[in-house]
Amino acid sequence: MKNLSYYILFLFLSVFYFSSCSNQDSKKLQASEEIQKLVQDSIKKIEAQRTEFIADSLQRIELQKQLQAKEEAEKKAYFEKLEDSVMVELINYDSTLVLDIRYATEDNFMKQKVYPCAKALLRKVAAEALFEAHQKFKEKGYRIKIYDGYRPLSVQWILWNTTTNKNYVANPRKGSNHNKGCAVDMTLVDSLGNELNMGTGYDFFGKEAHHTFTAFPIDTKDEILKNRKTLKTIMASVGFSSISNEWWHYNFKIKYPVSDTSLPCE
């Protein structure tokens, strides 16, 4: 009888134990399912937010493109209405130009800053031709880098009085084509912004800067002559002519009076 009692107690405890384990497993399963549902709901919410963000971003990009296109169209319309003789700031109408206005720094043959700001201007008719040349250069993978454009006559006097080599600076009594807004000093850069090898740097006052000079080192000669030819050929195709002793200098075919108007720095 005693053994039977023990047996019944054992069965009761076993049933209670397994019943308890079963309830715990059921609760664990329920908790796991709830967690999975929370995760899935969170993922759906994040995906919905992501989709909304992408759609909003694309809409903003499209609006920005439309605004830029409108601004460009307005600029073009304004530019076309200008008189040919008006001085225009080049970067305002072609933002892909590269500016390196040396006379606005001390990095020039005078070792002094003579421009109050780094601005490049030309007469509208010359600027129009330069933009056409730039498009042709870009088709070859290059961009124009500008060292100088319009130069006030008062600055021409500074250049004249500073240099001892008068062969490379125009006499301000007659005026330079720079003073007329009809000349540009320039070079070309590649897609990484590196200047093409033209044989010398800008404002190098020596025979190596002359168009007729060809005695460059054998390992760079072909490259230099090719680069100079590319520059000269395209500039000539839009109405600019070179001068014999400066590979970087180009004059536009139409001339205007000398000016001493200050650069628009404000």
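Placement of Cβ uses the backbone N, Cα and C atoms for every residue, glycine included.
Feature annotations, reproduced from TrEMBL:
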ACT_SITE  E246  active site, proton donor/acceptor
BINDING   H178, D185, H249  Zn(2+) binding site
SITE      R151  site 'Transition state stabilizer'
Check: Roughly how many angstrom lie between the C-alpha atoms of H249 (Zn(2+) binding site) and R151 (site 'Transition state stabilizer')?
Finding: 13
Notebook entry, point to check: Which of the three DSSP states, helix, strand or coil, fits the residue listed as 'active site, proton donor/acceptor'?
Noted result: strand
Notebook entry, point to check: Per DSSP, to which secondary structure element type does D185 (Zn(2+) binding site) belong, with helix, strand and coil as the options?
Noted result: strand
Margin query: Rank the recorded positions D185, E246 by how many other Cβ atoms lie within 10 Å of each Cβ and give me the one with the fewest.
Written below: E246
Next item on the list: Give me the non-local Cβ neighbours of H178 (Zn(2+) binding site): same chain, 6+ apart in sequence, Cβ-Cβ under 8 Å, ordered along the sequence.
Entry: D148, G149, Y150, R151, Q156, A170, D185
Next item on the list: Could you check the recorded positions R151, H249 and say which one's CB has the fewest neighbouring CB atoms inside 10 Å?
Entry: H249
